[in-house]
Amino acid sequence: MRVHVADHPLITHKLTVLRDARTPSPTFRNLAEELVTLLAYEATRNVRTTPITVQTPVAETQGLAISDPRPLVVPILRAGLGMLGGMVKLVPTAEVGFLGMVRDEQTLQPAIYAERLPDDLSDRQCFVLDPMLATGGSLIAAIDYLFARGAVDVTAICLIGAPEGLAAVERATEGRNVTIVLGAKDERLNEVGYIVPGLGDAGDRLYGTV
Ligand code: PRP
Ligand code: URA
């Protein structure tokens, strides 16, 4: 598994505002989208491309086009939906599929409650969007689901990750082509499975349920 933690003052600045408990939902939503666009730049570093020739007004030249099959972007509902706009701004030709997952707040076990993905993901590059990587349970379940459908590589974009969750994903995905791009790697999980210092419940903050 490859892990890339962003190291850029603009990303840290935006994450700092996102973490602030006083930041209201509309600002939180805008910042989440902006952060994904910045992280997507790194996350798509290995997107598959095909050499093509184009004619400029001046001369013929070689360039690249994103290969078929197109990348598949998978936001994990509910909070990952807040990242979709920022991702498709950068990769507008990507296909979008959906996975709905919820973590039981007592057991911390994830459950899939909705799915709308292509049946066959053979040879597909997948980009999973989920703002929080806490215990890693949700991301592991999502990655397992995509590989079981034939995906060949999965890149997850998360705004904040905990060391415990990263280690769990690494153990669970050994030998698979998995990359995680993070805005920040935080200190730890607390006794109820929240990331410290984190930003609280991402879904609640995005959708104003706090
Ligand atoms: C949050 C978050 C992740 C998950 C992370 O979702 O968006 O999907 O928790 O926790 P884990 O790494 O311990 O599995 P939640 O289950 O709260 O659902 P929501 O997006 O609907 O708020
Ligand atoms: N889910 C969240 O939204 N926040 C956390 O800190 C952990 C899981």
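Placed from the backbone N, Cα and C atoms, the Cβ positions cover glycine too.
A TrEMBL annotation is a machine prediction, not a hand-curated record.
Per TrEMBL, the feature 5-phospho-alpha-D-ribose 1-diphosphate binding site maps to ARG78, ARG103, ASP130, PRO131, MET132, LEU133, ALA134, THR135, GLY136, GLY137, SER138, ASP201. According to TrEMBL, the uracil binding site annotation covers ILE195, GLY200, ASP201, ALA202. TrEMBL lists 5-209 with the feature domain 'Phosphoribosyltransferase'.
Annotated features, which come from TrEMBL, shown on the structure.
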residue : record                                              : contacts (Cβ under 8 Å, 6+ apart)
ARG78   : 5-phospho-alpha-D-ribose 1-diphosphate binding site : GLY100, VAL102, GLY203, LEU206, TYR207
ASP130  : 5-phospho-alpha-D-ribose 1-diphosphate binding site : PRO75, ILE76, ALA79, GLY80, MET83, SER138, LEU139, ALA142, ALA156, ILE157, CYS158
MET132  : 5-phospho-alpha-D-ribose 1-diphosphate binding site : ALA79, CYS158, LEU159, ILE160, GLY161, ILE195, GLY198, LEU199, ALA202
ALA134  : 5-phospho-alpha-D-ribose 1-diphosphate binding site : ARG103, LEU108, ALA162, GLU164, GLY165, LEU189, GLY193, TYR194, ILE195
GLY136  : 5-phospho-alpha-D-ribose 1-diphosphate binding site : ALA162, GLU164, GLY165, LEU166, ALA167, ALA168, VAL169, ALA172
Cβ-centroid neighbours of uracil site ILE195, GLY200, ASP201, ALA202, 8 Å, sequence order: PRO131, MET132, TYR194, GLY198, LEU199, GLY203, ASP204, ARG205
In sequence order, those binding-site residues of ASP130, ALA134, ASP201, ALA202 whose CB lies under 6 Å from ligand 2: ALA134, ASP201, ALA202
Cβ neighbour count (within 10 Å, all chains shown) around ILE195 (uracil binding site): 26
Protein Cβ atoms within 10 Å of GLY200 (uracil binding site), excluding its own: 14
Secondary-structure category, per DSSP, in which ALA202 (uracil binding site) falls: helix
